[in-house]
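Here the structure comes first, spelled out in structure tokens, and everything after it is commentary.
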Amino acid sequence: MAKLLAMILAGGEGRRLDPLTRERAKPAVPFGGRYRIVDFVLSNFANSGVLKMKVLVQYKSESLNAHIQRGWRLTALLDQYVEIVPAQMRVGPKWFEGSADAIYQNLNIITDEEPEFTFIFGADHVYRMDVRQMLQFHQDKGADLTVAAIPVPVEEASEFGIIEVDGDGRMIGFVEKPKAGVKTMPGDPTRALASMGNYLFTTDALVQEIVRDAGDTKSAHDFGKSIVAAMYERKRVFVYDFAKNVVPGQGDKERGYWRDVGSLDAYYQANMDLVDVDPSFSLYNDRWPIFTAQHNFPPVKFVFNNQTEGRVGYATDSLVSEGCIISGGHAHHCILSPKVRINSYSLVEDSILFENVNIGRHCKIRRAIVDKHVEIPANTTIGYDLEHDRKRFHVTESGIVVIPKAMRVEP
């Protein structure tokens with residue numbers, strides 16, 4: 001097998017996820033109850049057998065660092081690792097100025113490892129992918145660069161790099177986040193082909209392009225705007241169709257599932273995808289597991305069954321993590337992170353509760369995201385009067401109420 005290296009860009013600030021990113025990097029935001037967003041890309045590489053991963057961090061990385069150090073210990077004796085790489089300022093006293101600059105400032109890692117092929121992936125998407133299939137495509141095409149892509153609705157095209165390909169899958173056009181004149185897919189005027197932000201380079205070509213870009217004072221030093229857009233006309237740049245990627249244990253409904261969780265509404269919906277009876281993305285695929293840090297928390301506990309008084313502890317259509325106690329309350333269509341407590345006579349619906357959230361008695365909460373260490377006092381109602389909620393919390397365009405970490409909530 002060719003010598004491979006994965007460089008994972010995990011330094012994103014994630015401003016559109018505020019307030020969830022006020023105290024943590026975007027890849028460290030909890031997802032699906034017991035995971036962090038970064039776990040999905042790391043699990044894809046681990047399951048694919050790519051076991052040399054460098055995670056480039058920058059913005060408020062403490063919780064991300066701790067999570068990776070605690071949960072991603074590979075076998076050093078076999079030269080397998082997930083290593084955190086902070087901004088080292090090797091080229092001067094400055095932070096990363098873009099995704100391409102992040103690689104340039106860490107070129108020493110690539111030259112030291114001497115991989116034949118280098119993956120450059122983001123750390124802020126939710127999906128399963130066997131990257132070996134992308135590698136095989138790259139080798140078959142003799143590509144210098146392969147970009148993973150997925151169809152998106154035309155109305156969402158302005159959020160992505162939009163690609164045009166020929167009949168052989170070679171890139172013949174690329175526009176980063178077009179505001180007008182979107183090039184649609186052949187035969188389908190409703191969709192455009194979007195870059196997933198996942199790149200596979202033949203390493204020699206990567207080094208050449210990164211060094212060239214670093215010397216361009218007018219460059220944005222961004223992989224989409226600066227590297228891909230400049231490279232496809234003079235190098236062999238091909239586009240890998242992610243919809244053709246087949247993961248063991250994955251059903252037809254899940255194939256091609258990929259979510260950019262860069263906004264609060266998108267993040268909320270991707271979480272809600274998990275709790276459906278027949279989910280479009282399942283966490284229960286033993287043949288392609290999502291790995292994460294393990295915690296020594298006790299089992300979930302449901303207590304009280306006084307149906308006469310309505311004091312019944314139970315959860316329906318929900319994901320409930322270890323250490324939770326549902327004490328005479330009801331969680332419906334929810335995702336509960338570890339050590340959540342829902343007390344008697346309370347109803348929580350269509351919500352995401354982060355670790356160590358405590359819901360007092362007689363509360364009614366719906367369509368909310370509650371960050372860690374929040375205490376909701378008894379008799380509190382959230383999600384039923386959005387005008388009132390806007391005075392206290394952040395409310396998204398679609399009406400999701402977001403409560404920041406450790407906020408003191410008044411009844």
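Yeah, the Cβs are placed from backbone N, Cα and C, and that goes for glycine too.
If you take the C-beta of Gly161 (alpha-D-glucose 1-phosphate binding site) and look for same-chain residues 6 or more apart in sequence within under 8 angstroms, you find Phe174, Val175, Glu176, Lys177, Ala194, Ser195, Gly197, Gly224, Val228. DSSP gives Gly161 (alpha-D-glucose 1-phosphate binding site) a strand state. Swiss-Prot lists Gly161, Glu176, Lys177, Ser195 with the feature alpha-D-glucose 1-phosphate binding site.
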Given the recorded alpha-D-glucose 1-phosphate site (Gly161, Glu176, Lys177, Ser195), which additional residues of the same chain have their Cβ within 8 Å of the Cβ centre, ordered by sequence?
Phe160, Ile162, Phe174, Val175, Pro178, Ala194, Gly224, Lys225, Val228
Can you tell which of Glu176, Lys177, Ser195 has the least company, meaning the fewest other C-beta atoms within 10 angstroms of its C-beta, among these binding-site residues?
Lys177
